[in-house]
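Below: one structure, written as structure tokens.
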Amino acid sequence: MSSKRASQYHQVEIPPPQPFLKSLKNTLNEILFADDPFRRIRNESKTSKKIELGLRHVFPILEWARGYSLEYLKSDVISGITIASLAIPQGISYAQLANLPPILGLYSSLVPPLVYAIMGSSRDLAVGTVAVASLLTAAMLGKEVNAVVNPKLYLHLAFTATFFAGLMQTCLGLLRLGFVVEILSHAAIVGFMGGAATVVCLQQLKGLLGLHHFTHSTDIVTVLRSIFSQSHMWRWESGVLGCCFLIFLLTTKYISKKRPKLFWISAMSPLVSVIFGTIFLYFLHDQFHGIQFIGELKKGINPPSITHLVFTPPYVMLALKVGIITGVIALAEGIAVGRSFAMYKNYNIDGNKEMIAFGMMNILGSFSSCYLTTGPFSRSAVNYNAGCKTALSNVVMAVAVAVTLLFLTPLFFYTPLVVLSSIIIAAMLGLVDYEAAIHLWKLDKFDFFVCLSAYLGVVFGTIEIGLILSVGISVMRLVLFVGRPKIYVMGNIQNSEIYRNIEHYPQAITRSSLLILHIDGPIYFANSTYLRDRIGRWIDEEEDKLRTSGDISLQYIVLDMSAVGNIDTSGISMLEELNKILGRRELKLVIANPGAEVMKKLSKSTFIESIGKERIYLTVAEAVAACDFMLHTAKPDSPVPEFNNV
């Protein structure tokens, strides 16, 4: 390398200047339209074709309906009926969990699936209510309004919270701000969902033990205290019946997991439990007074509820808070589920379009007596395994639910509440993903800490504390990643021009007169002081080592900036300050491999003038060769004679 001639060094070019508005437009396009959603429309010359493509983009049903076949219809009908058999008992159960009338669970499986079938981009997502959002609704609304004492206000606030959730989801999608939801890391979601599932299971002990009075708190200590303080109120009939159905449900889940072709056994088991539980109690309710049942469910499809929305103080802020928090959680779950099944079938879904679809189905749902819905994993997994081809399976499910609402609701009168509790517990146990937690422990201890913190926050605190911990630790992790970028010493891989981390490649060769440091991240206000201090420490350690070994003293500090995607004014000030500090120590700063954005910023400052263009190189290899040239043929201050432009 040292024999490389000066004329072979390449000068790092400064990117041509761009008008501010054009630069701003490009930046916004990268942030908001990274997937270039209007590419097909932009490349079309005919106005009518552009309108058609635009409508197909907004309403995906127009896209998949064009090639729809009888074979697809057969698959979607089977899938729709299958998920309806799961949606009906789950809907009733989750409405109970949210402290809402059971009929709302059926209402929420009618309108939202129809809206999603028109606007949703996932072929496999099955829309409905979910346990975590139901529990959040109950926990947050229940703090201010008692569902038993003031059921009408509680119901109206649930509709209003659903409206605000839908409005927030729609706005995020329209403004292309989907990345906001991604602030929750995978580890945080695993911990939060696991904690919420644990809390839901604990809450269901009320139904399993036949208790009439129960705590509104969700932390494990208060719940267990409430359970054992009422041990004299436990109903053995309820407990035995609940355990029998729970064992049945878990057995069918185990069979379906071991033999995926028998997925329908697990899918049908909740409905089978409801049917057998209802028949059992219908004939034996006189003998088993301790078993509570649903009672009357009103016949008919969804009544309008737009006039019931509450937009007046003091409750509007409560509904807004509940709507935003539950909406974000539901959105994160729905998009994650949709993407996972899209990956299995090798197609893509548009996250921003999904947000708009979720938002519209919740807005319209709030107008038609529905509470918050999203794409639950259990229902979507059944839909996927049943062989669905398009979102029409949601329409079939909605039709089946409508038939139930119009003609079959009286049949649920004697459905035992303990059966609904068993259905919820069986569904929630699958959300405690211990395998994912073990994987996090093996892969990344910090991610495991994030997961554990979120879990413990929910279980021993409240849902809100768990959510705050999940977001807070995720943000802290993000700040640590960017605010404390890695800096490591690089060495030369023998007989090559490749330079790598010497800790990763111990055989890499270092030079006594050169210290090559790689900065692994952007340089900006949050990390500039840290980088300056850390670089200073590396230099001190290197000089101490050279002093001890008696080698040639340190002459050049080469900063490899290949991973520095951007730099701000604080970062530039740090480089200028570092150059002055090194100058006082008779050391020379050399920059290698700066990116276009970095060079553009540096060219507008005084840094290049102060350091000199002759100390900025295209690659680390050329920077090292130039330093060798100056060390062996000239004084350290001497510039490299010539550069070739690239």
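Using N, Cα and C of the backbone, Cβ positions are placed for all residues, glycine too.
In the predicted model, the domain 'STAS' (504-627) has a mean pLDDT of 92. Under the heading domain 'STAS', Swiss-Prot lists 504-627.
If you look up Swiss-Prot, you'll see 1-76 (among others) marked as topological domain 'Cytoplasmic'.
Taking Cβ pairs closer than 8 Å, the topological domain 'Cytoplasmic' (121-124) reaches residues 60, 64, 338, 341-342, 345, 347, 349-350, 353-354, 357, 375, 380, 383-384, 388-391 in its own chain, all 6 or more past its ends. Taken from Swiss-Prot, the feature topological domain 'Cytoplasmic' covers 121-124 (among others).
What Swiss-Prot lists as topological domain 'Extracellular' is 146-154 (among others).
Only residues 6 or more beyond the boundaries of the topological domain 'Extracellular' (198-235), in the same chain, are considered here, and those with a CB under 8 A from a CB of the stretch are 96-97, 131-132, 135, 139, 142-143, 242-243, 246, 290-292, 417-418, 420-422, 424-425, 428-429, 432, 455, 458-463. The annotation topological domain 'Extracellular' is assigned in Swiss-Prot to 198-235 (among others) on the grounds of sequence analysis.
Across the topological domain 'Cytoplasmic' (257-262), DSSP helix (H, G, I), strand (E, B) and coil residues number 5 helix, 0 strand, 1 coil. Annotation comment: Swiss-Prot describes 257-262 (among others) as topological domain 'Cytoplasmic', evidence class sequence analysis.
Taken from Swiss-Prot, the feature topological domain 'Extracellular' applies to 284-315 (among others), supported by sequence analysis. Within its own chain, the topological domain 'Extracellular' (284-315) is flanked in space by residues 92, 102-103, 106-107, 110-111, 144-145, 153, 155-157, 159-160, 163, 207, 210, 212, 235-238, 241, 366-370, 402, 405-407, 409-410, 412-418, 420, which lie at least six positions past its ends and keep a Cβ under 8 Å from the stretch.
The topological domain 'Cytoplasmic' (337-354): residue composition by secondary structure is 12 helix, 0 strand, 6 coil, according to DSSP. The topological domain 'Cytoplasmic' annotation in Swiss-Prot covers 337-354 (among others).
What Swiss-Prot lists as topological domain 'Extracellular' is 376-390 (among others), and the listing cites sequence analysis. Helix first, then strand, then coil: DSSP counts for the topological domain 'Extracellular' (376-390) stand at 9 helix, 0 strand, 6 coil.
Same-chain neighbours of the topological domain 'Extracellular' (433-447): 185-187, 190-191, 193-194, 477, counting only residues six or more beyond its ends whose CB sits under 8 Å from a CB of the stretch. Per Swiss-Prot, the feature topological domain 'Extracellular' maps to 433-447 (among others).
Per Swiss-Prot, topological domain 'Cytoplasmic' is recorded for 469-646 (among others).
Swiss-Prot lists 77-97 (among others) with the feature transmembrane segment, giving sequence analysis as the kind of evidence. If one looks beyond the transmembrane segment (77-97) by at least 6 residues along the same chain, the residues whose Cβ comes under 8 Å of a Cβ in the stretch are 103-106, 108-109, 126, 128-131, 134-135, 138, 200, 203-204, 207, 264, 267-268, 270-271, 273-274, 294, 371, 376, 378-379, 382-383, 386-388, 392-397, 399-401, 404, 412, 415, 417, 419-421, 423-424, 427.
Annotated transmembrane segment per Swiss-Prot: 100-120 (among others), in sequence order.
Positions annotated as transmembrane segment by Swiss-Prot: 125-145 (among others).
Summarising the annotation, Swiss-Prot assigns transmembrane segment to 155-175 (among others) and lists sequence analysis as the type of evidence.
Proximity of distant same-chain residues to the transmembrane segment (177-197), defined by a Cβ-Cβ separation under 8 Å and at least 6 residues beyond the stretch ends, is recorded for 31-32, 131-132, 135-136, 171, 328-329, 331-333, 335-336, 351-352, 355, 428-434, 436-437, 440, 444, 447-448, 450-459, 463, 466-467, 470-471, 473-475, 477-478. Taken from Swiss-Prot, the feature transmembrane segment covers 177-197 (among others).
Residue counts of the topological domain 'Extracellular' (433-447) by helix, strand and coil are 13 helix, 0 strand, 2 coil (DSSP-based). When each of 100-120, 236-256, 412-432 is checked for Cβ pairs under 8 Å to the transmembrane segment (263-283), 412-432 comes out on top.
Scored by C-beta pairs under 8 angstroms, the transmembrane segment (448-468) has its highest count with 125-145, from the stretches 125-145, 155-175, 316-336, 355-375, 412-432. Counting residues per DSSP class in helix, strand and coil order gives 4 helix, 0 strand, 5 coil for the topological domain 'Extracellular' (146-154).
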